[in-house]
Amino acid sequence: MEPLWHKLTALPFFSSKPEKGEGPGASPSLTAFIRSLFKGKALNLELYATALTHRSMVHDSTAPEITRSNQRLEFLGDSVLGLIISEYLYRRFPDGAEGELSSYRAKIVNGKSLAGFARSLDLGQHLIIGESADQQRIRTSTSTLADAFEALTGAIYLDRGLEAVREFIEEHIIDSPAFDAMVSTENNHKSRLIEHTQSNQLPPPVYTVLSEEGAEHEKTFTVEVSCDGRPLGRGTALRKKDAEQLAAAEAMAAIENTLFTPTDQETSSPAETGIG
């Protein structure tokens, strides 16, 4: 028996080609923008034009071929983007707790962040907007730009598949200057640990790489942080600095549970604390 999914994917609504009357089509200037954005690899230009069509265009237009905005693609792109970012975080932080990974993802895919990524691509200037709408306000609107970025992600997925989305997200989100700040625990666990040691007149923390595993291009680092010779925490990640942050986070959790405070030193002997 043919699997249900195979039957579904054979239906017309699984086609990557836009339905007739879905969008306004790509103008010469928009075509040039899309081709430059994807280095000529975009196959379905009408799909990308729909991704950049604001709902005001549908409301204003009397053209029978313009019946749909980018809202459906936004719906799809939201899920695809969430999947790609979730997988990336899962692999980058093998020891990351669910709550920690969710916090990182929320910073990356929130409207303000996505609007910033959209601005870096100049999406606002290429939106297709109705004549009666407030053009300048819409082109600079945080929510509109975030929606356009998600819709563009959905269009890439339908046009070229999941791997192409990964490449796009890596280039325009993961490699962006803002990304490291979003996923650094800079909350900042390393800074908090240093502040704790300084305020309590303790030696500065020392980070030691315990192991490096895997091929050269995908090593996993395990780092231990210690203070005055006492191990306080460990972390494992694909980058050394991320492993250090995770180790510092574990150390701060121990400290906040009063496992390593000035009170311990005052009331316990060196033998009991392992210090001195």
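Cβ from N, Cα, C; glycine included.
Copied over from TrEMBL, here are the features:
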ACT_SITE  Asp78  active site
ACT_SITE  Glu150  active site
BINDING   Glu74, Asp147, Glu150  Mg(2+) binding site
DOMAIN    30-161  domain 'RNase III'
DOMAIN    188-257  domain 'DRBM'
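Along the domain 'RNase III' (30-161), the predicted structure has mean pLDDT 87.
Looking at Asp78 (active site) and Glu150 (active site), their Cα atoms lie 5 Å from each other.
Mapped onto three states, the DSSP output places Asp147 (Mg(2+) binding site) in helix. In terms of local Cβ density within 10 Å, Asp147 ranks first among the recorded positions Glu74, Asp78, Asp147. For the domain 'DRBM' (188-257), the DSSP counts in helix, strand and coil order read 31 helix, 24 strand, 15 coil.
Its Cβ placed at the centre, Glu150 (active site) has 27 other Cβ atoms within 10 Å.
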